[in-house]
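According to TrEMBL, the features are:
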DOMAIN    14-278  domain 'Homogentisate 1,2-dioxygenase N-terminal'
DOMAIN    280-433  domain 'Homogentisate 1,2-dioxygenase C-terminal'
ACT_SITE  His291  active site, proton acceptor
BINDING   His334, Glu340, His370  Fe cation binding site
BINDING   Tyr349, His370  homogentisate binding site
Amino acid sequence: MTQQDFFTSCQFFGFGNEFSSEDPRCPGSLPEGQNNPQVCPYGLYAEQLSGSAFTCPRPANKRSWLYRILPSVKHKPFAPVPCGNLTENWNEVEPDPNQVYKGCLCFKFYTLQGLHTVCGAGDAKSRNGIGIHMYTCNTSMADRCFNNSDGDFLIVPQQGEILITTEFGKMMVEPNEICVIQQGMRFSVDVFGETRGYILEVYGAHFELPDLGPIGANGLANPRDFLCPVAWYEDRKVATGYTIINKYQGKLFACQQDFSPFNVVAWHGNYTPYKYNLENFMVINCVAFDHADPSIFTVLTAKSTRPGVAIADFVIFPPRWGVADHTFRPPYYHRNCMSEFMGLIKGHYEAKEEGFQPGGASLHSIMTPHGPDGECFEKNSTAELKPERVAEGTMAFMFESSFSMAVTKWGLQTCQRLDKNYYQCWESLRSHFNPNWKPSKQ
């Protein structure tokens, strides 16, 4: 069996389940009947990774046991490193409630300068908030890995596949797939050319599947379609030093060790990295009249302490059928008590068919009005309402949050990708008011 086989053909599946895995090269490496024996099989070290407080109720308790060649505590002290455009300073610029659109980013070598914070809110220290980043890279992380002590990363590739090596094994993630690297999990990224995408970072909560309510037991993202990696280890010394980069309280630190951190031979638990193919989403949609709220397209949610209110939702707008009668079918005009960050993986966004580029993004802040552009409104106000495929060949998404997000200085100025004329897409909207209108006779 080749290394390629380990991460392409033998992945476990399910969301939030209890898993176990052994590297096939070391059968029997998981201890039997206990987590922390006096001597582990193969002379391995037992190490627990906790994703929740020990005393959390059982359904919310997250932890995994890793059985590794050397424990992760064996490293030189952490020292600060430059943060580049990664930040948690939400007060760099004055607040701006206007609609914001950014074009796609150019590529940079994979240093931490390739990770750019666009907007966010809250605070990693108080364990309550989010950050939204965009990444660009064309070079792999040789002998380096990343560890986020602040929260979970939900990664949305837009261009180029990425091979993510974690302590749990490997995952190949392509555009139209997502992956989640949960808090504290070390990972390294290999790329195969120019690569670009989006990252949603959540502090203080983990992503989970949304409640289905009246939808019933099935629909949206099904648990069985989530994949987690098979154990894979490397027992490799690095004479020049292996660098662990740690994001802690919004800052970056680095330490050195002389061995690969991906030396886990076996593991078991319910706290793992995972990935999901967006094509597996079971769409729920309106089949009579009017327009259903976009919450029916929620893939994952990170709940707040307020019932029904999310720190962040990951929502997609996949290909589907539009069949609603006597209805304006595109997204309606509205003002929202949530912040809406839109991105486009491929194709075009149905409410703005021109100008919204794959790799671009928009932010509609809390209570700022938004909706279809003028051309979309005119076209769909007079269109024949026959069954039609919507968003064919397209995948747009939204990071929606109850936080009032601030845009960073990089997002507004430094990136030089801001479209200052974004507001003009609504300028062509005109009044169709007729005070003498009367309903047609049946």
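Just so you know, glycine gets a Cβ as well, placed from its N, Cα and C.
The structure, with features from TrEMBL marked on it.
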residue : record                       : contacts (Cβ under 8 Å, 6+ apart)
His291  : active site, proton acceptor : Ala324, Thr327, Phe328, Arg329, Pro331, Tyr332
His334  : Fe cation binding site       : Pro369, His370, Gly371
Glu340  : Fe cation binding site       : Leu363, His364, His370, Met398, Phe399, Glu400
Tyr349  : homogentisate binding site   : Phe317, Met342, Phe356, Thr394, Ala396
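Same-chain neighbours of the Fe cation site beyond His334, Glu340, His370, judged by a C-beta within 8 angstroms of the site's C-beta center, are, in sequence order, Pro331, Tyr333, Arg335, Asn336, His364, Thr368, Pro369, Gly371. Predicted-model confidence for the domain 'Homogentisate 1,2-dioxygenase C-terminal' (280-433) is 89, expressed as mean pLDDT. For His370 (Fe cation binding site), the number of other Cβ atoms no farther than 10 Å from its own Cβ, over all displayed protein chains, is 20.
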